[in-house]
Amino acid sequence: RENFIHLCNPHLEKMKEDILYHFALGTGTHDFPTLFGDVKFVCVGGSPSRMKAFIAYIAEELGLGSPGCDYPNICAGTDRYAMYKVGSVLSVSHGMGIPSISIMLHELIKLLYHAKCSDITIIRIGTSGGIGLEPGSVVITRQSVDATFKPQLEQVVLGKTVIRSTNLDEQLAKELMQCSKEIGQFNTVIGNTMCTLDFYEGQGRLDGAICLYDEEEKLQYLKNAYESGVRNIEMESSVFAAMCNLSGVKAAVVCVTLLNRLEGDQISSPHDILVEYQQRPQKLVGYFIKKSLGKV
């Protein structure tokens with residue numbers, strides 16, 4: 001049925017047990033439907049501490065927790081990822097870069113499937129470098145594009161290059177944009193997000209250990225990106241979009257920009273300002289979840 005997770009792997013049906021190694025969970029040792037069957041919203045982000053902070057925030061927003069309440073890490077048996085749950089919300093860390101989030105998503109999607117979850121919405125919240133936006137602006141991703149501005153993910157499978165779509169749910173993006181207007185606390189735009197394989201050369205920075213291009217070439221590249229519709233740069237959205245598409249899951253990417261890359265490469269805002277910026281995606285997504293549950 002359309003509202004259930006689709007698994008694009010017939011081999012899993014032949015397995016007596018499915019061990020989600022990087023979560024330290026398994027169908028032979030854990031009752032997935034009991035533990036996770038009520039999940040409707042999954043929020044993922046790079047940092048374990050940020051995802052723990054998010055679950056504490058959403059618990060308080062939904063009236064399911066209290067200040068200072070501790071939330072156990074469901075994946076305490078491993079140090080690869082962290083996972084927290086409150087009510088129908090699951091919060092999971094994914095590390096940095098396409099390989100790390102890809103591994104997490106394979107196991108997360110299987111977890112949701114084994115738990116018989118339905119009507120799932122998955123949202124990545126995080127930070128990014130902006131292009132042509134004031135620092136602190138929030139970008140809701142329309143499409144994830146590669147470093148050549150194409151809305152696709154190239155992946156090598158069995159020695160062959162496979163191209164996968166990286167479009168994200170248009171209606172979900174519009175709903176999130178409406179939520180931001182209702183909050184009215186920070187600038188939010190819908191735009192394309194460039195997903196790169198590297199933080200330094202891959203994003204046209206001048207401050208890495210290796211840089212064999214000049215500032216004029218860098219600025220021209222970033223201007224070309226802006227003209228193609230790119231409003232921010234990060235390192236996970238392409239595989240996130242591709243895997244959610246293949247699994248039939250509504251997905252969105254909501255990232256705050258920490259700097260305008262047309263004006264520099266290094267983040268120079270004071271720590272307290274950066275902390276406030278990083279709370280903006282969770283405020284937006286938290287409001288969306290509350291509204292979806294009829295609690296606004």
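For all residues, glycine too, the Cβ spot is worked out from N, Cα and C.
A quick note: this is a predicted structure, and the numbers were derived from the prediction, not measured.
According to TrEMBL:
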DOMAIN    40-289  domain 'Nucleoside phosphorylase'
BINDING   Arg80, Arg124, Ile125, Gly126, Thr127  phosphate binding site
BINDING   Gln203, Arg205  substrate binding site
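Features as recorded by TrEMBL, highlighted on the structure.
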| residue | record | Cβ neighbours (10 Å) |
| --- | --- | --- |
| Arg80 | phosphate binding site | 18 |
| Arg124 | phosphate binding site | 29 |
| Ile125 | phosphate binding site | 27 |
| Gly126 | phosphate binding site | 22 |
| Thr127 | phosphate binding site | 21 |
| Gln203 | substrate binding site | 23 |
| Arg205 | substrate binding site | 18 |
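Cα spacing between Arg205 (substrate binding site) and Arg124 (phosphate binding site): 24 Å, rounded to the nearest whole number. Between the alpha carbons (Cα) of Arg124 (phosphate binding site) and Gln203 (substrate binding site) lies a span of roughly 20 Å. Whole-number maximum of the Cα to Cα distances across the phosphate-binding residues Arg80, Arg124, Ile125, Gly126, Thr127: 20 angstrom. With respect to their backbone Cα atoms, Ile125 (phosphate binding site) and Gln203 (substrate binding site) stand 20 Å from each other.
Ranked by CA distance from Gln203 (substrate binding site), the binding-site residues Arg80, Gly126, Thr127 have Thr127 at the top as the closest.
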